[in-house]
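The next block holds one structure in the form of structure tokens; read it before the comments.
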Amino acid sequence: ARAEVLIFAAASLKEPIDQIAEQFDDVVVSYGGSGTLARQVTLGAPADIVLLANTEWMDVLVAGGHVEADSVVNLASNRLVLIGPQGTIPLNLEPDALRNAIGNGRFAVGLTEAVPAGIYAKEALQHLDLWEAIQDRLAEVDNVRAALTLVARGQTPLGIVYRTDTRISDDVAEVAVFPLNSHRPIQYLGALTDDRNDEARMVLDVLTGVQGQAIFAASGFLPPTGNAK
Amino acid sequence: MISVDVKKRLGAFQLDTQFEAPNGVTAIFGRSGSGKTSVVNAVAGLLRPDAGRITIAGTALFDQASKTYLAPQQRRIGYVFQDARLFPHMTVMRNLGYGGTHDAARVIEVLGLEQLLDRMPARLSGGERQRVALGRALMSDPQLLLMDEPLAALDAPRKAEILPFFERLRDEVQVPILYVSHDVSEVARLATTLVIMEKGRVTTSGPVGTVLSRPETVPLVGPRAAGAVIETKVAGRLLDDGLTELAFSGGRIMLPGLLGVLGQTVRIRIPAQDVILAKHRPADLSALNVLPVTITQVAQGKGPGVAVGLRAGEDQLLARVTRRSALRMELAVGQQIYAIIKATAVGPEDIGT
Amino acid sequence: MISVDVKKRLGAFQLDTQFEAPNGVTAIFGRSGSGKTSVVNAVAGLLRPDAGRITIAGTALFDQASKTYLAPQQRRIGYVFQDARLFPHMTVMRNLGYGGTHDAARVIEVLGLEQLLDRMPARLSGGERQRVALGRALMSDPQLLLMDEPLAALDAPRKAEILPFFERLRDEVQVPILYVSHDVSEVARLATTLVIMEKGRVTTSGPVGTVLSRPETVPLVGPRAAGAVIETKVAGRLLDDGLTELAFSGGRIMLPGLLGVLGQTVRIRIPAQDVILAKHRPADLSALNVLPVTITQVAQGKGPGVAVGLRAGEDQLLARVTRRSALRMELAVGQQIYAIIKATAVGPEDIGT
Amino acid sequence: MIEALGPEEWTAILLSLRVALVAMLAALPLAVWIAYVLARKTFPGRQLLNGVVHLPLVLPPVVTGYLLLVLFGQQGPLGGFLDQTFGITFAFRWTGAALAAAVMAFPLMVRAIRLGFEAVDPGLEQAAATLGASRWRIWRTVTLPLVLPGILAGTILGFAKALGEFGATITFVAAIPGETQTIPTAIYGLLQVPGREPAIVSLVIVSIILAMGALLVSEWLARRMAQRLGGT
Amino acid sequence: MIEALGPEEWTAILLSLRVALVAMLAALPLAVWIAYVLARKTFPGRQLLNGVVHLPLVLPPVVTGYLLLVLFGQQGPLGGFLDQTFGITFAFRWTGAALAAAVMAFPLMVRAIRLGFEAVDPGLEQAAATLGASRWRIWRTVTLPLVLPGILAGTILGFAKALGEFGATITFVAAIPGETQTIPTAIYGLLQVPGREPAIVSLVIVSIILAMGALLVSEWLARRMAQRLGGT
Ligand SMILES: Nc1ncnc2c1ncn2[C@@H]1O[C@H](COP(=O)(O)OP(=O)(O)OP(=O)(O)O)[C@@H](O)[C@H]1O
Ligand SMILES: Nc1ncnc2c1ncn2[C@@H]1O[C@H](COP(=O)(O)OP(=O)(O)OP(=O)(O)O)[C@@H](O)[C@H]1O
Ligand code: MOO
Ligand SMILES: [Mg+2]
Ligand SMILES: [Mg+2]
């Protein structure tokens, strides 16, 4: 049964988007990695709405005419946080402090060249001059959830994830928050693949509207920062 | 009429065999490793010769010159393999019917397969397996039957039961048969033609009577195997004694058992070793058959035996005596003497119809 | 001394076999499906009986009562299977040496395996395969040898070559042998004890000479198979004639071939059908052997034959004549008559040493 | 355990079953044929075919999924053709999930079935040929039945793989609930949300039960076949 | 094509090879043993063992990776034990990548090898037993050589799978260049960013070449074995 509105959404948005979709009878959401979703859309995926955690891929979709440039909206933002297993004491974001905390262990992040959370993490670490100190101690994984798991299972003493991710596991604690200016703003962007699809436009409007924003906030997301292009 | 001419290199072994097989049973006889199975495989289409030509009744199954090579299934050949090759996943019944159900009831009865029909091949004894393989080939109604030592795994009574069926097959259905065997009694009884192979080549071939009653054959087939094969007619039946009197050009022979009806043709093999020679007609002997014969040949073998060719009427007989006897009796070509053949020495497996 | 008592249900077939096998060769004889292979498998440890007991020299290999059940490898048994079972991934040489290299050179020589040593089993003919299997079992130096129709796939000359080796084995190595065979010549020549099986049960057993020269045995083994087995001693060798003179309690017998040295014991089988009876000593016959004998039994069979038990000295002979001859000659127990045995009728496969 | 599963998870379970079954049924004839060809025939390009069959095993599943998308997507050469000619669409449909599962399972099926073919005694096929059976009849009545254990093994391997396939599926057809969201993709989604561990565990257990059930059935069938052949 | 590959990609290629080879070598004895046990023995728990062996096939790779993490991670019961007793660490080490590859390849190897065992004629083992060979010698000299084609097939399947394994590997040992970043992880990373297609294509081609090479070697070995047995 093909739904009226099919949303392709970044997996990290699952919690709030599921809640919003529940309010419609005929909205169906397919979650995946932002890169995967974007490629699928370029190859003709029947999505009506695309929600990505990555501005770069949205640029590609816009440039290729796969989404309506005018419809691109900024949905929410997030904070990058440093986490450790439950009980880890808060840390200063300084090389020595990090190195000590890591010890012989490793530092869990998303793929720093590929996964949005990893790309932001690399920017922040470089900005804070921490990159040199831990570059050789990284354990890069294919999505933020995996980084969270590594920390939660005590495999790595530290890791970088979105603040929203820390809600998933009781076994991790936030030990530091990266300053907003240490990395490009974290933007979750939405767009329509077809301007004339009114129902899809309505759904997207709900996401940016009061009700949608409240749900994002309840899941730990921050209001959108900066402007969608 | 089957004509075989095959050349094939198999490792160090060179097969280079030519022979003609008229209708009836052609036995291929030869020691282990002489190439019998290879020849039969070539005829079946399972071994592609390097060169040569194989025809049945003028139709080429294989001809290197004209690049003819029929697939096995196009040859209508029934093959009883040395190693049964029953389909392990089918019951005996389904195995039997695989190639057809020609004459099914009779085949099942004669081969004694009734009790086995629902069995799986893994639960058969060695001999049972071979009987089923035989039945399967027969029921496919072949134009040529190949048998690679089909009876080797059977016991004597079972053999004796099956052989008459082969004979009927040979005589009634007119299916030519290529028959590989180690057993001269079998060969003599069934075969019309005998092909003797050695190291991939044919050393002797011809009508079985001629080949086996030639003194030169003795070393080829072994002393026990040599013997004459003669055609006789049933001339009388002594019901009380359970004997049959057979007439042939050289006189009459009395054999135990009631063999066929009056006037019927019966083929018997008289093993050379079972013929005793006497200069004078002896009396009061348990041997019933005393035939006047003329010596045609006295061939000295390498061993202690002397093969003596005999003419009885127009038929050839063969006797094998010790050199000492030959000398003592001063046997010489042209002599008129008596051949004594014990009635019971011609065993039932030497008598064919 | 092997003692076998096995009960085993196999589908609809019930094996219930008891016999004792003294040292030497015990032949198991019986038609296809009578349970021979099953018995042999039970002795080898490949078929676990439902009940019974199997011992070699007093040691139990299997004993239901005491829950003894030795694994095949603990039994030191050499088994020549009906279907060779060579290891397909090993050369003939490696197959041979698998169970040991006992007497390797001699085994290879006697079985004529020199040319085959580097071959893979897939490239052997049927007979070659069986010879290798035989060699492999022999080289494992077994305390008991099981042979399931080991010679069925061999041609007569090859058989004749191998049989003496078995005899030597029997006499020198003192390895008891259980020997399954369809071939009475083989049985008579090799076996000391004969066990005849029918439908899973033993119908007759005993020393081979006794069993085979009993007129009652004729219907069990078939008329051609019956015959006396007697022990003789080499009394002289006529080198010029290539004959050997053998002495036994009933006189002297001259046989072709040079059989052993002076004084050696030689066992011969005299097939019942090859004995001719005469009331008077005949003259001028090619048959070299004429023995005075006394009739001990005249047994009328179902067919046209009459089995005549004879005493020659202290040995038993058996003759088979037609009823007609028996009547005509008025044969009766106690009569003194002559037995004529053709020298060449006792074929080489009937002579053991 | 069952309570933890919502309607969306149940839908995913049923879909997974359907996808795995359809994938097996559709792939089996081709797998048997390719296995036969690889086991018995020599022809130029044999090694190439062998390589292509193994590709889905060698490549990361995501790449396979991506290649499927390129080939069978609406714009893809095969996808467009099939859509226009037969009206079959794969991209982002459950049929595509079945295609992905079949492709990923294919090397496993082919290898197991091929081993089966290699174990059949050619002597039996020769015997059938001398009995006049056509190639096709020999194949159907002698070869195939004797290969059944291999086919069974291949099918069960393929079925298990089809149940577990994730990377190629999510790349090729995404994870659309009710259409392409299978058990593995559902688990992936649940991993992103707090507090859904019970549902994840339940889905994992359901996967295991399905696979174990299939395994038990296949073992039972294999034992029956062996008994028929072995005669005990 | 080669220009598209940076030093990091080359490192990944060499690592992938090492991981796949080590995984095969280490898993083979166990796979052979388990296959033997499953093919020949009956014991309580046989079906359970069979099920456990198939698990990595049924479960989404991420779940398998997670379970490996739980079991073999530094705090895991097995991980801690192995670390303390033998000094073997898996977490974030190439050895862990090999472990993940081995586990994922295991069901494929076991199945192929098991089919091999099932094709061996027990009559040959009986013959060896009557020749006095111990169980172990029979196993080594008769059974095992006859199972070699199955072992070869299992190994090549496993090797291919090990080359392609992604999900379980990255979840268990992440992607550390030079230590655990294999070809599939590298490809995954490249796929997530626009415009890296040339490097992806190059890596895919290298994967294919490696697997094809292994396939060709295995086919050649198999043919040699068949020739020895078949006598042609
Ligand atoms: N593929 C092969 N490669 C090499 N040599 C072979 C091959 N097949 C058969 N031979 C050899 O060819 C010869 C003839 O074999 P064949 O099976 O035809 O003999 P045979 O007369 O049937 O023997 P038997 O009576 O023992 O069955 C043998 O010496 C055998 O070793
Ligand atoms: N597993 C089994 N299930 C049922 N019946 C069986 C089984 N194995 C053997 N039989 C039957 O038991 C009987 C004895 O078989 P066995 O193989 O011992 O006979 P044999 O005397 O060796 O015959 P042959 O001379 O033909 O080799 C046969 O009738 C056979 O069909
Ligand atoms: O091979 Mo995977 O890692 O099943 O998607
Ligand atoms: Mg042969
Ligand atoms: Mg038997």
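Cβ coordinates are placed from backbone N, Cα and C, and glycine is handled just like the others.
Annotated domain 'ABC transmembrane type-1' per TrEMBL: D:13-216, in sequence order.
Residues annotated as transmembrane segment in TrEMBL: D:12-39 (among others). Under 8 Å from some Cβ of the transmembrane segment (D:12-39) lie the Cβ atoms of residues 5, 46, 49-50, 53, 94-95, 97-99, 101-102, 105-106, 109-111, 113-114, 116-118, 139, 143-144, 147, 150-151, 154-155, 158-159, 162-163, 177-186, 203, 206-207, 210, all in the same chain and six or more residues away from its ends.
Long-range Cβ contacts of the transmembrane segment (D:51-72) within its own chain (Cβ-Cβ under 8 Å, at least 6 residues beyond either end) map to 34, 38, 78-79, 82, 90-91, 96, 99-100, 103-104, 106-108, 110, 165-172. Taken from TrEMBL, the feature transmembrane segment covers D:51-72 (among others).
Sequence-distant contacts of the transmembrane segment (D:92-110) (same chain, at least 6 residues past either end, Cβ-Cβ under 8 Å): 15, 18-20, 22-24, 26-28, 30-31, 34-35, 38, 53-57, 61, 64-65, 68, 72, 154-155, 157-159, 161-162, 165, 168-169, 172-174, 176, 179-180, 182. Feature annotation from TrEMBL assigns transmembrane segment to D:92-110 (among others).
If one looks beyond the transmembrane segment (D:142-160) by at least 6 residues along the same chain, the residues whose Cβ comes under 8 Å of a Cβ in the stretch are 20-21, 23-24, 27-28, 31-32, 35-36, 102, 105-106, 108-117, 119-120, 124-125, 128, 133, 211, 214-215, 218, 221-222, 225-226. Residues annotated as transmembrane segment in TrEMBL: D:142-160 (among others).
Taken from TrEMBL, the feature transmembrane segment covers D:199-222 (among others).
Counting same-chain residues at least six beyond the ends of the transmembrane segment (D:199-222), those with a Cβ under 8 angstroms from any Cβ of the stretch are 1-2, 4-6, 9, 12-13, 16-17, 149, 152-153, 155-156, 159-160, 163-164, 183-184, 186-187, 190-191.
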